[in-house]
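Features of the protein shown, as given by TrEMBL:
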type     : residues               : note
BINDING  : H217, H253, H286, H322 : heme b binding site
DOMAIN   : 44-172                 : domain 'DOMON'
DOMAIN   : 179-378                : domain 'Cytochrome b561'
SIGNAL   : 1-23                   : signal peptide
TRANSMEM : 218-236                : transmembrane segment
TRANSMEM : 248-270                : transmembrane segment
TRANSMEM : 290-308                : transmembrane segment
TRANSMEM : 320-341                : transmembrane segment
TRANSMEM : 353-378                : transmembrane segment
Amino acid sequence: METMMMSLLLLLLLHILAKSASSSHCITSTSSKTFERCMTLPTQQASIAWTYRPHNATLDLAFFGSFISPSGWVGWGVNPTSPEMTGTRALIAFPDPNSGQLVLLPYILDPTVKFQKSPLLSRPLDLHLLSSSAALYGGRMATIHSGATIQIYATIKLSPNKTKLHFTWNRGLYVQGYSPTIHPTAVNDLASTTTIDILSGAAAKSSNHLKPLKITHGFLNAVSWGFLLPLGAVSARYLRHLESVGPAWFYLHAGVQISGVFLGTVGFSIGIRLGEMSPGRVYGLHRKLAFAAFILGWLQTVALVFRPKTTHKFRKYWKSYHHFVGYACIVLGVVNCFQGFQVMGESGSYAQMGYCLCLATLIGVCVALEVNSWVIFCRKAKEEKIKREGLFGNVVSDKTSASSSRG
């Protein structure tokens, strides 16, 4: 059994190493051309290779990407002003809807395309494009399928001394007629842009002014919705039955829960602001879960004001409501924390591992306390049973003694 597990582990490690090696590899030669430089692009396992001739400011370039659908598209382009999709002059390849053969058409991505106000229509580029072509890896026998590799070639005449270019690339699932539809909106798909100095071969470091805000948003929400609220529920469940604690358990429970909701509200507000500062980026599930957890959290907090006394007839209904809303809020909060890690591209990161460790520790404590509670419960039940049997035995013996004395 150990040998099998070790073999599976080694195979998994080899697969991961092979995947990382293949994703970080770029080539300078194809079946038709050879280039001087190449670079792996940061997303979608894409890469580029190029040759720049300073004497006539000509750029000979090849882009290597892959399809995610047999009826999909793959595109690459240059943005003359900034590293973003809007304003990109693109070459997009896809299967011809009539013949099924690979076609490469030019497109200009203006703001109406970003917000899907109108279909993307092919039109001539205002770049000095000398030539362009596309080919599937494998030659004429290759077919377009999910995972098929494509090579897009272009030769561009640049302005003298303009060697820093903003490149954009992406891929989509299908094409309507000759209009490529919107690409997926995962983090990697939205970050498919870079700036490269084609003379030195260096990629410019991207400055993300929203990153500190994103880190603060993620930290506050992980601490509040993802840890403090579950901790407050644990304190209520396992401390209230300890006679030595007394009413302190309630103040601890209420204090932790209220602190968690207030911290979570700050994190929620930062998330709303991030959404406003990132037009075009929509994280539907993450947003819906956040709103649901936020509403339930404040319903739970406001319910404390209307908490009936223990002798009130509505106390049992309030208690059921309190438990249901509280546990629902905790589940939604924890699930949304993991959804947040995925949205931020931090799945498998040290941050997520640290959160998982904290959550696993809390779950371990819960299991230990639950087992201890059941042991104490069973012990008390056994003691009460012995007392009842002993009392019953004494009553029987007293009756027997009384009857024998009368006799």
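Backbone N, Cα and C define each Cβ position, glycine as well.
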- request: Provide the three-state DSSP residue tally for the domain 'DOMON' (44-172): helix first, then strand, then coil.
  value: 7 helix, 64 strand, 58 coil
Query: Do you know which of the binding-site residues H217, H253, H286, H322 has the most other C-beta atoms within 10 angstroms of its C-beta?
result: H217
Local confidence of the prediction over the domain 'Cytochrome b561' (179-378), expressed as mean pLDDT: 85
